[in-house]
Structures are given as structure tokens and as C-alpha cells.
Amino acid sequence: MNTHPQTSPNTHYKIADISLTDWGRKEIDIAEHEMPGLMSIRRKYASKQPLKGVRVTGSLHMTIQTAVLIETLKDIGADVRWASCNIFSTQDHAAAAIATSGTPVFAWKGETLEEYWDCTLQALTFTLSDGTLTGPELIVDDGGDATLLIHKGYELENGSTWVDEPSDSLEEQVIKRLLKRIAIERPGYWTRVVNDWKGVSEETTTGVHRLYQIAATGRLLVPAINVNDSVTKSKFDNLYGCRESLADGLKRAMDVMLAGKLAVVCGYGDVGKGSAHSLRAYGARVIVTEIDPICALQAAMEGFEVTTVEDTLGQADIYVTTTGNKDVIRIEHMTAMKDQVIVCNIGHFDNEIQVDALNALAGVQKINIKPQVDKFILPNGNTLFLLAEGRLVNLGCATGHPSFVMSNSFANQTLAQIDLWQNKDVYEKNVYRLPKKLDEEVARLHLEKIGVKLTTLTANQAAYLGISVEGPFKPEHYRY
């Protein structure tokens, strides 16, 4: 962990090492050639400037691929500030390149929880020409932390007592302390932020789940676009991205031979599907756990054994959580696992695994092997390896998804930001999805790069199907 991040005199950035700029810029240049969707959007909208002067905060993994997203948003007019959405996911050379280009960025690999939430606050803090502190007009969120902080801050200013209630986790304690501090240092700040805030686009399953929960209670403060459930996000980033990046994270962390190992994948949604197929492709024997009978049946029809975590204890070599739920792997599971077991998460938050309970287990011995790899010697003498402290293994122990698949996701994010701003007076405070036509367009932008040639419908064929020759080609309810 970098305990002394570098800060510019005018708080323009807070990163690990500005000298990494050249390395970061070289990798950004490579990524641009692998991200045809984003680059096409950049060319299309650069002259139109649809986000001209719009204050945009990003809370999303500060990677090389995200750097291309940031520079696309800037090229179409946005005034951008950025933080990572995970304490381990920042690529420090990417952050350096973005800081050098003039974008305020607050992110480094190995932040503490206090540093992480302070970085989120700094990314949310814009200063008007008269010196007034305000917030963003749009947010690009990943996991919903920026959205959560604004909602909790606003609710505190309007009488909520949540900050004084018992906390479920250490991270919740950190959030509450931050909100109490801001209430003293910046009275009325969150109300000013909400007055200017026009919308949020959310990247992940976990963040979308949060949005729907808030909307169901009538407390959602702005319109939100669910980017995660765009087909060109969920069926590509979640599935094909995880199919490549999970194994990358495991191998960089442990140098482990996957062939012949028994691996348990908890969850068989899109992320679980990609993870299970990745491990099987490497020769691992894969067991899936599921709560949903449809997903369980899918896994079984793909040839995976489907059972419970409890039935695998003492046998499996690797456990991977992919669910977006909490307490999927509990302390009683970990103490019953076989010696030398590897436990990791590729869902979103670290609460999929009871990490706090593992750290607090009486008689446990914790040994750090290297960054994001911890060895726990349990009271029974068995050893358990926990990767990335239970946070995202593909970003904590490797570099996340490849550029090409992230171009799909980030093209959706950019289009969502444009849509939110153009329709800020139309959208109500609800959760929306991008229309099918835009989803298809995102896919179309990536075809030439991989040598795909589409068949074109004749007018008669289109009429027979009851669709336009140009699409959309599927109804909204179609399941890809």
C-alpha cells in the first residue's frame, strides 16, 4: 500500500506517483486501438460537445480503459473529476497519465477505507467561480458508492439519524464519520449538491440493485440509467470479461495450476457463467452453487454439478463468489475448508465473504505474502489464502477486463451520460435503461474491429418480421 500518495499544490490530484505518466500514456494509446466504440463516439460528438461545461464525477475503477472513457467524456465537453470505486483497483500509471492531462483524479492502489471515502468526496467536490463548493451535475457510478454518499448526506441534512445508528461493518463506520465531519465543515453542502444533480448512470449489478432499492422507497433523488442491463454490457463485460480476467487474477496472485483443481463458483448469473467457463477451459473441475432454479438448471445443462457450499467443504481447492449478495462464504465455511484452499471474490463488495469474521477469528494467524495475497493459518492448522481482501480479484490481483470488452461497457456509459443531460427535464426520478436501438449501435461499432460482416435484410424480409431494415431487430423482452 502506498501510504504517502502524491498531492498537487492545488489539490488537482492525489495519486501514487506522477512519474508513471509516460508508461500510462503509452498503455492508453494501445487501449484506444482496442476500444472502437468509445473512439467512434468521441469522433461523432467531439464537434457537437453535448456535455459542454457539464460537471461530471466518476466513481469507477481508475484503469487504463477508464482513462480512455475519461478522455472521451472530456473530448465531448465534460468537466470531469474522478475517483476509483475500489481500494485495490487503481492502476497507478493510468491515474498518473490522467492527472498529468489536467483531470482532477484521486485514486491509488491500496487505499485505506478512510482514504477511499475521502477520495470519493474529493471527486464529488467542484468549486464554482465564486468559491462556493458544490457537486456534479452527472455521475458515472460503479457499485453506487458516490450515489450512496450523496443520498446519505442529503438525508442527514433533512433529519435522518442513520449516522448515529449501530454500524453493520467497519466501512459503514467510516462513511458515518465522514458524513458527520462534512456536516460540521460544510453545512448545507449536500442540499446544494442535490439541487444541481441531474442524473447518474450505473455500471454494475450491485449498484443497480441499490438504485432499485432506493427507488422502491421513493427516496431516489435523480433519474438513473441502468447501464449494467444493456445487453452489450451484461452479456459481454460480465460474461466474456470475467471469462478472461478471473483466471488472470488467480494466476498472478498464486501462480496456481488450475487444471485438475476442484473449483466452486458461487452464483451462475452472467459473472458466474463467465467464471465457471473460464475455470473449466483451464481444466478445472467446476461446481456451481445457486439460489435461482433457472440459473441452476442452466448450469446443470452446461454440464456443471450444482450443489451447496456446505457439500463441497473439505474437497474444493478454490472458491469464487460472483453473486452480489452478502455472507455467501461464511466463517463456518472457511474453518471447514481443506488445507491450502484459495478464496476470492469477483462479485463487487467484500461482504460476499465474511472477511471481518475471518480476521477476528480467535487463534487465527494472518501472514501477508505480497500485496493482495494473505495467508491465514486457522486454529485447526489448515491454511487459507484470501485474495484482494475479499474484494475484486480480477482488479485487485490483475488488471481487470481487456480493453475491447470494456469499450462496450464504456460506450454505453458515455451514451447514457449524453442521454441523461439531453433529457434532464424529461426524465422522472426513476431507473431507466438505454433503448434497444442504442444497444445495437454499441454492438455495431465493434464489429469491424473483429472482422464481422452483417447480413442485411431485404425490405420483404423486414416486413415479414415486422421490423425495420435498420433495426431494432429484437423486442425489448428478448433474452439474448
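Keep in mind that glycine also has a Cβ here, set from the backbone N, Cα and C atoms.
Keep in mind that what you see is a predicted model, and the values were worked out from it rather than measured.
Swiss-Prot lists T63, D142, E203, K233, D237 with the feature substrate binding site. For the recorded site, K233 (substrate binding site), the DSSP three-state label reads helix. Long-range neighbours of K233 (substrate binding site) (same chain, six or more residues apart, CB within less than 8 Å of its CB): E203, V227, N408, S409, N412.
Per Swiss-Prot, NAD(+) binding site is recorded for 204-206, N238, 267-272, E290, N325, 346-348, N394. Same-chain residues at least 6 positions away in sequence with a Cβ under 8 Å from that of G267 (NAD(+) binding site) are, in sequence order, V288, T289, E290, C295, T321, T322, T323, G324, N325, V328, G347.
Checking the binding-site residues (G269, V271, I346) against D142 (substrate binding site) with a 10 Å Cα-Cα cut-off leaves nothing. Largest CA to CA distance in the substrate binding set (T63, D142, E203, K233, D237): 17 Å, whole number. Straight-line distance linking the Cα atoms of I346 (NAD(+) binding site) and D237 (substrate binding site), rounded to a whole number, equals 12 Å.
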